[in-house]
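Contents: one structure, followed by commentary.
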């Protein structure tokens, strides 16, 4: 194929399959995804508003929780509306640029979330192991700087990958056997050798996830050692409960991500629709569960949400009167 034809073909839109082999069930499949998206919007918005409006929550730990809520909102909104468009309206077409923008948001904010989880583990380490220095080490301004650094890191490592991917000629079929522009599914449509982009993505993923995981594990091993030295059982249980919600989020994020990634690389004999569903649920379920886990585990967040709801109920009653 000539260079001109390749260029013209590469600029054409892609077509999303949805759930391969289960197209007839798209309407029914859309119900849980629609529900999780609505719960994601509601739960994370409540967490954000409660932290913003309740001055007692203006502390580093709650700022990190707010960052996680923002990431979840962006993450879900980058994927679910288009996914529901495929399921409900058979709106399968997605523009060439839009496809890579969606991919950029997915991978960038995956990296940002990993950085925020690392920052949260450091926050808990300082709070439990060096409580007297907590207010001097983790100031509000430093917390915001850490969040911006996580964002800059995510954007910085993903821009080169997007440049590599968009420079490839896509002259094979335009059909992506997925519900969104999944990286590996799109790369398989390239009619040039994608080994450079594959190597780069492998190195970046290994370095980011590997480094963050090692430091998170180190932080919690130090926390566990300090907790076990506390004199009373009540104090130990209180410290462990404080970290319980964070550990739950970490396990959900990393185990779900690894499972989704390995199923895309190695099928293990599973049907294509199973692989796609696992990837779809990984992108939609954790953003819904994160605020629920924090709301259940953390009394301060619960109280902040109840205050917010009480305030909103009071406003609506006064307007009605």
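Cβ from N, Cα, C; glycine included.
Annotations in TrEMBL come from automatic prediction, not curation.
Annotated features in TrEMBL:
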TRANSMEM  25-49  transmembrane segment
DOMAIN    43-294  domain 'G-protein coupled receptors family 1 profile'
TRANSMEM  61-80  transmembrane segment
TRANSMEM  100-122  transmembrane segment
TRANSMEM  143-168  transmembrane segment
TRANSMEM  199-223  transmembrane segment
TRANSMEM  243-263  transmembrane segment
TRANSMEM  275-296  transmembrane segment
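Below 8 angstroms of C-beta separation, residues 33, 36-37, 40-41, 44-45, 47-48, 51-52, 102, 105-106, 109-110, 112-113, 116-117, 119-120, 123-124, 127, 140, 143-144, 147, 150, 179-180, 249, 283-284, 286-287, 290-291, 294, 300-301 of the same chain, each at least six residues beyond the ends of the transmembrane segment (61-80), sit close to that stretch. Confidence over the domain 'G-protein coupled receptors family 1 profile' (43-294), given as mean pLDDT on the 0 to 100 scale, stands at 86. Packing against the transmembrane segment (143-168) from elsewhere in the chain are residues 10, 60, 63-64, 67, 100, 103-104, 107-112, 115-116, 118-119, 123, 183, 186-187, 190, 192, 194, 196-197, 200-201, 204, 208: each is 6 or more residues past its ends and has a CB under 8 Å from a CB in it.
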